[in-house]
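**Q** Take a look at this one; I'll ask things after.
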Amino acid sequence: MDPLHTIEKVPARRNIHDRGHQGHRMGDGTPGRPKISVQQMTRFSLIIFFLSAPFVVNASTSNVFLQWAHSYADGLQQGDPCWVCGSLPVTNTMELPWWVSPLQGKDWVFFQSFIGDLKQWTGAQMTGVTRKNISEWPINKTLNEPGHDKPFSVNETRDKVIAFAIPLLDTKVFVQTSRPQNTQYRNGFLQIWDGFIWLTATKGHLSQIAPLCWEQRNHSLDNWPNTTRVMGWIPPGQCRHTILLQQRDLFATDWSQQPGLNWYAPNGTQWLCSPNLWPWLPSGWLGCCTLGIPWAQGRWVKTMEVYPYLPHVVNQGTRAIVHRNDHLPTIFMPSVGLGTVIQHIEALANFTQRALNDSLQSISLMNAEVYYMHEDILQNRMALDILTAAEGGTCALIKTECCVYIPNNSRNISLALEDTCRQIQVISSSALSLHDWIASQFSGRPSWWQKILIVLATLWSVGIALCCGLYFCRMFSQHIPQTHSIIFQQELPLSPPSQEHYQSQRDIFHSNAP
């Protein structure tokens, strides 16, 4: 029979204080349990078994953000697919940033109905519990004010408790145990020992001033050592009214008997003891707390332009993706597009180099760890084989020898690491690229419009140089023909008087001339 069925068979009128105190005896130095009368057995029967069943949401086995996202979408009643976005924790040692809206207005009427349904469900007489009626509370004049309009159900509360308790019930018998310390910090999270499990606190903040808080201070009895548990304290300025609990009040701990009651919050609510948020208050709790509905800020959208799982990777200020504004200059000036491609190729090489360096370091650490584990396992097996040689030990019997096969792949891993190191050296370069050099000159990487200005300035400089070159070439080409013509005119004069002179000379040599 599973533990849940075992719990189901617990009589409804069984006193909760009877759990796990059989080991206390009178006269041996350990405080004994006082004799319980019938009236005392029914005094706190308001707390049924599932209010004291240990349960907690294990952060390692459930994704609280996904649970919140689903509940958020269900609350919006969005039938179509949509994106649900919410704030993430600031650090890895913090949980979701929960806000708590305290119970107010008509919520107290629903809570009073919850107490009445609980009384009918258990069939118990709450004659010993005091201040259980909301008419006795300071908020009795605000019952007509609006609230969260969320009724509380005993059955829903019970189902949620059992759903949380099933994975944590490892044994069929509940035995309440004590610890030397009821408080500890694990991985940065506050934990409280409630007698069965460690309760892990969640961070919560009041979204407004709480209309009503309950405060329980340290008890004056010292018959039950190591039973107090400090849950947290809401500052006085954040509570409009505070009820100082007495011994037998609702939510209080009866210090006349050894504490053994857990006060679970109704479905949809939790106890806020600033800054800690608890699913229930364990026995012997101390602090100032209030009931409220936790919620987290969120929004929903139908479609998203950029999916949240695509990171905007940055390496030395270089973008790893092409921005949409970079496409415009590449259409009119292909040289800019070519420069962008070169830039992102360099960025890809930088990313690859960094990834290989990280992989090299992590695999090196794992290789060293596996090597030492290999040595320890080999030594342990050898020692175990020596002790259990008569029965064959943990080795394989081959004729008269005992053989153990332990694979050792550290050499292969070392070779792979050496090859990775060579690959890193191939793609590594200490020289600055053209883009980085230009960026260093500008004390930062230029944007797309700065690139256009650089290209235009370059084109203007080249154009000026070409114009100047063409001008000097033209001037030089015009100066050379004029120089040659002057030289030829001085050596061979071809003017008309010269022609007549030559003609008269030819006439002298002709004898037949007139």
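Including glycine, each Cβ sits where the backbone N, Cα and C put it.
In case it's useful when we look at the structure, here is the feature table from Swiss-Prot:
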type	residues	note
CARBOHYD	Asn58	N-linked glycosylation site
REGION	60-316	region 'Surface protein'
MOTIF	82-85	motif 'CXXC'
CARBOHYD	Asn133	N-linked glycosylation site
CARBOHYD	Asn140	N-linked glycosylation site
CARBOHYD	Asn155	N-linked glycosylation site
CARBOHYD	Asn218	N-linked glycosylation site
CARBOHYD	Asn226	N-linked glycosylation site
CARBOHYD	Asn267	N-linked glycosylation site
REGION	317-514	region 'Transmembrane protein'
CARBOHYD	Asn350	N-linked glycosylation site
CARBOHYD	Asn357	N-linked glycosylation site
MOTIF	378-394	motif 'CKS-17'
MOTIF	395-403	motif 'CX6CC'
DISULFID	Cys395-Cys402	disulfide bond
CARBOHYD	Asn408	N-linked glycosylation site
CARBOHYD	Asn412	N-linked glycosylation site
**Q** Taking Cα atoms as reference points, which of the glycosylation sites Asn140, Asn155, Asn357 is nearest to Asn267 (N-linked glycosylation site)?
**A** Asn155
**Q** If you average the pLDDT over the motif 'CXXC' (82-85), what number do you get?
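**A** Over the motif 'CXXC' (82-85), the predicted model scores a mean pLDDT of 76.
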**Q** Take the C-alpha atoms of Asn155 (N-linked glycosylation site) and Asn350 (N-linked glycosylation site) and report the distance between them in angstrom, rounded.
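**A** So the Cα of Asn350 (N-linked glycosylation site) lies 59 Å away from that of Asn155 (N-linked glycosylation site).
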**Q** To the nearest Å, how far is the Cα of Asn133 (N-linked glycosylation site) from the Cα of Asn350 (N-linked glycosylation site)?
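**A** If we compare the Cα positions of Asn133 (N-linked glycosylation site) and Asn350 (N-linked glycosylation site), the gap is 69 Å.
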**Q** According to DSSP, does Asn140 (N-linked glycosylation site) fall in a helix, a strand, or coil?
**A** helix
**Q** Starting from the Cβ of Asn155 (N-linked glycosylation site), draw a 10 Å sphere and report how many other Cβ atoms land inside it.
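**A** Result for Asn155 (N-linked glycosylation site): 10 neighbouring Cβ atoms inside 10 Å.
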**Q** For Asn140 (N-linked glycosylation site), which of the glycosylation sites Asn218, Asn350, Asn357 has the nearest Cα in space?
**A** Asn218
**Q** Using DSSP, what is the helix/strand/coil residue split across the motif 'CXXC' (82-85)?
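**A** Each residue of the motif 'CXXC' (82-85) counted once, the result is 0 helix, 3 strand, 1 coil.
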**Q** Find, for the listed glycosylation sites Asn140, Asn267, Asn357, the residue with the lowest Cβ contact count at a 10 Å cut-off, counting only other Cβ atoms.
**A** Asn140
